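*Asks:* Attaching a single structure in structure tokens format; questions to follow.
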């Protein structure tokens with residue numbers, strides 16, 4: 001029996017540590033980019049925090065740089081980024097910022113056939129290393145074809161200075177791997193969906209590392225933040241191995257996306273995924289209390305009140321989550337939850353009162 005061909009994109013170099021921004025030129029040379037024009041993608045705030053410093057280090061090392069300010073992660077933002085790359089004639093992209101900056105950079109660089117390196121300024125989600133990007137079109141997030149970073153440079157001191165809420169959102173995003181893998185296994189068993197034990201094991205290992213280190217992460221200790229960043233990178237690599245977002249995205253992510261559409265003021269993606277994981281682990285018959293305890297220890301939200309959304313919005317999101325991606329089979333099934341089942345799950349887990 002022949003084996004189908006599979007292509008994986010993985011980062012060639014990963015540097016995680018304190019005060020490592022000066023190593024950007026060395027990192028580029030190590031992955032085969034000794035010179036050329038670097039488009040430095042960043043937000044207005046993150047450009048001041050780290051983008052300008054990255055550009056300075058590159059200029060001192062002989063590279064040419066050109067700043068590209070990314071305001072959001074919509075289709076229009078991608079279009080503007082593509083126009084900027086064409087004007088600059090860039091050889092490589094350095095994405096210095098949070099999730100939106102990195103998502104736009106990985107899509108734009110992919111479409112122009114040039115490499116990009118990821119320089120995260122926060123640890124809020126696993127897009128740091130994944131080959132997928134979430135781009136908003138017509139008010140809704142869509143997964144877009146992109147590429148994994150050629151290299152990653154994560155400065156722990158820069159990430160620690162980000163708003164605490166972003167760190168706690170990262171905890172929620174990693175912990176959600178637990179139910180994502182359970183959903184994937186369920187789809188494999190019931191729908192014969194392709195499944196990778198290697199990718200799922202790596203994803204679960206990342207979740208367990210964060211669960212084990214919830215206390216130092218919650219206290220924003222350097223070693224704790226390092227563990228979180230490594231776990232987020234591992235999740236991204238797991239997705240590259242799987243060739244899909246399955247190892248890190250299941251029913252809890254569908255719940256979060258539904259909440260984005262329904263809620264008047266949605267919370268952060270990772271925060272919502274963490275709360276969604278509590279409920280989905282309950283539906284799977286798993287140890288949802290352990291999930292809740294991990295999030296509480298790390299200072300992450302565990303209730304509707306913590307998220308700043310209403311009980312009704314939680315229930316409505318649970319009822320509509322299965323419609324977000326009908327092709328992605330999860331514990332929610334084809335028909336989703338009844339209102340009664342959604343209300344019971346949210347109440348039993350303490351997400352709503």
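Positions of Cβ are set from backbone N, Cα and C atoms, glycine also.
Residues or ranges marked as NAD(+) binding site by Swiss-Prot on the basis of sequence analysis: 99, 100, 101, 102, 103, 121, 122, 123, 124, 130. The substrate binding site annotation in Swiss-Prot covers 126, 173, 257 and is backed by sequence analysis. The Zn(2+) binding site annotation in Swiss-Prot covers 173, 253, 269 and is backed by sequence analysis.
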*Asks:* Compute the C-alpha separation of residue 103 (NAD(+) binding site) from residue 173 (substrate binding site), stating it in Å without decimals.
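*Replies:* Computed Cα spacing between residue 103 (NAD(+) binding site) and residue 173 (substrate binding site) is 16 Å.
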*Asks:* Which is it, of 103, 126, 173: the one of these binding-site residues whose Cβ has the most other Cβ atoms within 10 Å?
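*Replies:* When each Cβ's neighbours within 10 Å are tallied, 173 tops the list.
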*Asks:* Of all the binding-site residues here, 122, 124, which one's CB has the most other CB atoms within 10 A?
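*Replies:* When each Cβ's neighbours within 10 Å are tallied, 124 tops the list.
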*Asks:* Would you list, in sequence order, the binding-site residues among 101, 122, 124, 126, 257 whose CA lies within 10 Å of the CA of residue 269 (Zn(2+) binding site)?
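*Replies:* Those near residue 269 (Zn(2+) binding site) - Cα within 10 Å - are 124, 257, in sequence order.
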*Asks:* Pull out the binding-site residues from the set 99, 101, 253 whose C-alpha sits within 10 Å of the C-alpha of residue 126 (substrate binding site).
*Replies:* 99
*Asks:* Consider each pair of residues in 126, 173, 257, all listed by the record as binding substrate, and report the largest Cα separation in Å as a whole number.
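*Replies:* Answer in Å: the longest Cα-Cα distance is 16.
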*Asks:* Using CB atoms and a 10 A radius, I'd like the single residue among the binding-site residues 253, 257, 269 with the highest neighbour count.
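*Replies:* Neighbour-count leader: 253.
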*Asks:* Taking only the binding-site residues 99, 101, 122, which one has a CA atom nearest to the CA atom of residue 257 (substrate binding site)?
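*Replies:* The answer is 99.
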*Asks:* Reduce the DSSP letter at residue 122 (NAD(+) binding site) to three states and note it down.
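*Replies:* It is coil.
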*Asks:* Measuring Cα to Cα, tell me the gap between residue 173 (substrate binding site) and residue 253 (Zn(2+) binding site) in whole angstrom.
*Replies:* 9
*Asks:* Do me a favour and check the Cα-Cα span between residue 253 (Zn(2+) binding site) and residue 101 (NAD(+) binding site); whole Å is fine.
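*Replies:* A Cα-Cα distance of 20 Å.
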*Asks:* So around the substrate site, 126, 173, 257 aside, which residues have their CB within 8 A of the centroid of those CB atoms?
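*Replies:* Leaving out the recorded residues gives 125, 127, 134, 176, 248, 249, 253, 256, 269, 270, 273.
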*Asks:* For the recorded Zn(2+) site formed by 173, 253, 269, name the remaining residues of the chain with Cβ within 8 Å of the site's Cβ center, in chain order.
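*Replies:* My list of surrounding residues reads 125, 126, 172, 176, 249, 252, 256, 270, 272, 273.
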